[in-house]
Structures are given as C-alpha cells and as structure tokens.
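K.L.:
Have a look at this one before I ask anything.
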Amino acid sequence: MTERIAIIGGGKIGEALLAGLIGAGTPTKDLVVAEKLESRASEIADEYGVLVTDVKTAAESAQYVFLAIKPDAVDSVLRELASAEDNAESERVTVTLVAGIPLARYESALQAGSPVIRVMPNTPMLVNEAMSAVSAGRYVGDEQLSAVVNILKTVGRVAVVPEKQMDAVTAVSGSGPAYVFLLAEAMIDAGVGLGLTRAQASEMAIQTIRGAGVLLSDSGMSPVDLRAAVTSPGGTTAEAIREFEANGLRHAVYQATRACAAASARGGRRVEVEGLASGHAVSDTP
C-alpha cells in the first residue's frame, strides 16, 4: 500500500485502525495521525512511531483521510479539511467513521466532487474483529472504494451497503456488541443466583459466548441449526429456550433493534437540519 493514510482523531477507534494498519504491514511513513490533545499525541507518537500533527497538515499529504472523531467535532474538522484542499498533493478520499451524519453533509462542506465514504464500525475493532459497513458517496470511484474496504479489512470484516441501510446496520452490528454484553451480564447474574462465584460465572459466560461466536462464524451452520443441535426434546436446554420464548426474548430483540434504527434515523435528520441552519446545503444521496 503506497497511498498515505491520515487518521483524524487519536481516540480508541482511531488507535485501533492505526494498530491494524501497522499490523498488516503498512509502513509508518505512510501513516499520519492528527490529535489535538498534546499528551495523547505524544503517547501515539511514542507507541507507534508515526507522525502526529494537526488536521490540515495531516490531510494535505494524504490520499485517504479517516475521521475517527466525535459528531460535535465534525464541523470544525470539515473546515480544516476544506482549507487543506488547495494544497492537497492529489485527490483525497474522506472516510468518516462518525455515527449519524449523512454523506451529503460532507459532500456539501468539501470541494465540489469530493469523494466521501461513510463507515459504521463497531467496538470489536479494538481487537481486530470489527464488523464495518461501508457506503460510498456519489463521487467515489471503484478503485477508491476497494482501497478503503481493504484498509478496513485490517481490523475486521467489511460489507458494502447503500446509505439508506445505515440505520439498520446501526441497529444490528453498530450497537450489537452492547446487546451481547447485556446477555453476558444477565448470564453472570443468573449464575451467581444459582450459587456460582461471580468469577466462576464470568469465566463461564464469557467463554461460552466466545465459543458460540466462533461456531457461528466457522461451522457453516445457521443459528437455527446450531441451536437445534444442542436442544434435545424435553432436555435442560429445551426448558431454558421455552422460558426465553415465553418471556418474549425474540420480540424484545426485534423491538430493541427497531428502536435503535429509529433513533439512528432521527439523529441523521437532526444533523441535516443543523447543517441547513449553519449554512451547509444538504441533499439526499442516492
């Protein structure tokens, strides 16, 4: 990979992407990070041996600029990116990992025709097991999209989806890790209630979820078939599944994901309205 990559934001997600790229063999000379907090900038420079600088300087030399920042920092960063465009060495692809902000917001703030790609990652990126969904803006070429997909593959799996599916993506994979963590909490508490120590229950629940995830990923069997394989008629697992169904687990998951998707959609609409109020022209992206 010869293109230079800039990561704007040195938080957990930005650092995870940086570590993944270095682990995949990307030379540190081809990586640059922008981080305004001086102490954090020093930590990253010392740990990874990369240049850490300001947004404008990082963007001017990069072909791919990843925004790993909080939503409330987007406007100020976009202004700095726009000011860097005149000095850019080549066409730059802006890749946003920011939740809830539509492609049109970026396309309207940057130079006309700027390629922008939107990504919804999730927190397993921190251990190189992300599920990232990618949506390309209207000015993105096939080679640019392919390059970004390959970059993101250094920290997990990647799916390309139309932007209109991003709310559903948020509900299933973006917020999905929290659902699993909640299940783990419940299993641990249940184990303690049955007489296990919290340490015992934690080890058993966490390893069970880990192992089940590997089975789901690697066995080639569907969730339905895997569940059936360990659910003997009239057995102990069947009793547990019956209670889950009787207490509405499946319906609760369905309702929770719909609520999450609705919240994501409301957030996107709010961002568009705020963009209009601040003078950014926005429009629907196909």
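Placement of Cβ uses the backbone N, Cα and C atoms for every residue, glycine included.
A quick note: this is a predicted structure, and the numbers were derived from the prediction, not measured.
Below are the features listed in TrEMBL for this protein:
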- Ala68, Ile69, Lys70, Pro71: NADP(+) binding site (BINDING)
- 4-90: domain 'Pyrroline-5-carboxylate reductase catalytic N-terminal' (DOMAIN)
- 163-264: domain 'Pyrroline-5-carboxylate reductase dimerisation' (DOMAIN)
K.L.:
Which are the residues of the chain, Ala68, Ile69, Lys70, Pro71 excluded, whose CB is within 8 A of where the CB atoms of the NADP(+) site average out, their centroid?
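P.N.:
Going along the sequence, the neighbours come out as Gly9, Gly11, Leu67, Asp72, Ala73, Val74, Leu97, Val98.
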K.L.:
Quick one: mean pLDDT on the domain 'Pyrroline-5-carboxylate reductase dimerisation' (163-264)?
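P.N.:
Here the predicted model's pLDDT, averaged over the domain 'Pyrroline-5-carboxylate reductase dimerisation' (163-264), is 97.
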K.L.:
Translate the DSSP assignment of Ile69 (NADP(+) binding site) into the three-state scheme.
P.N.:
coil
K.L.:
If you draw a 10 Å sphere on the Cβ of Ile69 (NADP(+) binding site), how many other Cβ atoms land inside?
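P.N.:
Other Cβ atoms within 10 Å of Ile69 (NADP(+) binding site): 22.
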K.L.:
On the DSSP side of things, how many residues of the domain 'Pyrroline-5-carboxylate reductase dimerisation' (163-264) fall into helix, strand and coil, could you say?
P.N.:
85 helix, 0 strand, 17 coil
K.L.:
Under 8 Å Cβ to Cβ from Lys70 (NADP(+) binding site), same chain, six or more residues apart: give me those in sequence order, or none if nothing qualifies.
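P.N.:
Same-chain residues close to Lys70 (NADP(+) binding site) (Cβ under 8 Å, separated by 6 or more) are Val98.
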K.L.:
Sort the residues of the domain 'Pyrroline-5-carboxylate reductase catalytic N-terminal' (4-90) into helix, strand and coil with DSSP and give the three counts.
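P.N.:
So the counts come to 49 helix, 15 strand, 23 coil.
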